[in-house]
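Novice: Summarising the annotation, TrEMBL assigns domain 'Glucosamine/galactosamine-6-phosphate isomerase' to 34-252. The active site, proton acceptor annotation in TrEMBL covers Asp92, His163. According to TrEMBL, the active site, for ring-opening step annotation covers Asp161, Glu168. Residues or ranges marked as site 'Part of the allosteric site' in TrEMBL: Ser171, Arg178, Lys180, Thr181.
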Amino acid sequence: MSGWKRVRLDGRARAWPGTEREGRVVEVVIQHGAADIAALVADEIEKLLAAKPDAVLGLATGSSPLAVYDELVRRHEAGRISFARARGFMLDEYVGLPDDHPERYRNVIEREIASRVDFAPGAVQGPDGNSDDLLGACEDYEAAIAAAGGVDLQILGIGTDGHIAFNEPGSSLASRTRIKTLTSQTRTDNARFFDGDVERVPRHCLTQGLATIMSARHLVLIATGTGKAEAVHQLTEGPVSAMWPATVMQHHPHATVLVDDAAASRLQLGAYYREVFATKPAWQGL
Ligand code: GLP
């Protein structure tokens with residue numbers, strides 16, 4: 001496309017020059033539903049793994065990424081994607097759930113994605129919420145991410161209160177992996193995974209901090225449903241504030257927020273975001 005200059009640089013620098021992204025805090029992509037979002041995110045991961053087979057993926061739990069994981073499994077089974085040399089780092093983990101508890105995030109990630117594709121044994125890691133030394137486990141986790149060269153593409157969901165990973169409102173924008181106390185809002189939201197009983201949802205977790213997440217080279221956040229509409233509005237159009245932790249993403253040079261029509265319903269600039277995405281040059285990808 002004339003007038004557009006494709007700039008190939010590594011990592012963070014790549015996103016800024018000559019792209020529409022530089023004109024907005026995050027790129028918002030509005031799609032009709034979860035399947036359309038999943039296809040776009042899987043395209044991006046397929047491209048990443050083709051270019052860099054030993055890429056480091058940031059894996060999120062929650063319902064938002066599930067359609068993406070299903071699409072990745074389909075593409076893996078079709079011989080289009082291999083994770084054999086890739087590595088994965090989870091965002092967070094509950095403290096104190098028994099090792100075999102089905103909602104322990106390590107087990108969720110194993111069930112939803114890791115065991116369904118060809119990750120090498122041990123290639124997917126999470127913070128150890130059952131360690132005798134939780135602070136040491138947080139330090140070890142930061143060191144492991146750094147030793148792997150950092151996360152290339154981080155998949156994210158968002159809580160109704162604007163949290164990402166388990167960085168609840170009030171989290172330091174400079175935070176690293178640490179122990180957090182969950183809000184009653186988050187425990188209520190997550191009670192559906194514990195037979196609807198909020199008392200069974202742990203009170204504590206280990207979570208990558210906001211600065212840890214910001215170190216990833218590409219942030220890809222998925223949100224669907226009207227319950228996420230206010231958080232998505234704040235994330236993309238509100239002031240940066242620890243009260244809506246996801247707003248820190250406005251400082252990231254390459255952040256993509258994929259939403260369905262319902263999650264986009266509070267956006268002031270929704271029509272503009274649709275127009276930008278419909279007319280963006282195909283080579284830009286997400
Ligand atoms: C939990 C997870 C987050 C996730 C959020 C939203 O709190 N720690 O990583 O983004 O739930 O979950 P869902 O996608 O199910 O709405």
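Cβ atoms here come from the backbone N, Cα and C positions, even for glycine.
As the structure is a computational prediction, the values presented were derived from the model and not from experiment.
Thinking about packing and proximity, how do these listed features fit into the structure?
Specialist: For Asp92 (active site, proton acceptor), the Cβ neighbour count at a 10 Å cut-off comes to 22, with all displayed protein chains included.
Counting only same-chain residues six or more apart in sequence, the Cβ atoms lying under 8 angstroms from the Cβ of Asp161 (active site, for ring-opening step) belong to Glu168, Pro169, Thr183, Gln185, Thr186, Ala231, Trp244.
His163 (active site, proton acceptor) counts 27 other C-beta atoms within 10 Å of its own C-beta, drawing on all protein chains shown.
According to its DSSP assignment, Glu168 (active site, for ring-opening step) is coil.
Of all Cβ atoms in the protein chains displayed, 22 besides its own lie within 10 Å of the Cβ of Ser171 (site 'Part of the allosteric site').
Arg178 (site 'Part of the allosteric site'): 22 other CB atoms within 10 A of its CB, across all protein chains.
In this structure, Lys180 (site 'Part of the allosteric site') is part of a beta strand by DSSP. The 10 Å shell around the Cβ of Lys180 (site 'Part of the allosteric site') contains 23 further Cβ atoms across the protein chains shown.
Thr181 (site 'Part of the allosteric site'): 13 other CB atoms within 10 A of its CB, across all protein chains.
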Novice: Within the set Asp92, Glu168, Thr181, which recorded positions show a CB-to-ligand 1 distance under 6 A?
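Specialist: Close enough to ligand 1 are Asp92.
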Novice: According to DSSP, collapsed to three classes, what secondary structure does Asp161 (active site, for ring-opening step) have?
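Specialist: Note: Asp161 (active site, for ring-opening step) is coil by DSSP, not helix or strand.
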Novice: State the mean pLDDT for the domain 'Glucosamine/galactosamine-6-phosphate isomerase' (34-252).
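Specialist: PLDDT averaged over the stretch: 97.
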Novice: To the nearest whole angstrom, what is the C-alpha distance linking Arg178 (site 'Part of the allosteric site') and Asp92 (active site, proton acceptor)?
Specialist: 10
Novice: Cα-Cα separation of Lys180 (site 'Part of the allosteric site') and His163 (active site, proton acceptor), in Å?
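Specialist: The Cα atom of Lys180 (site 'Part of the allosteric site') is 12 Å away from the Cα atom of His163 (active site, proton acceptor).
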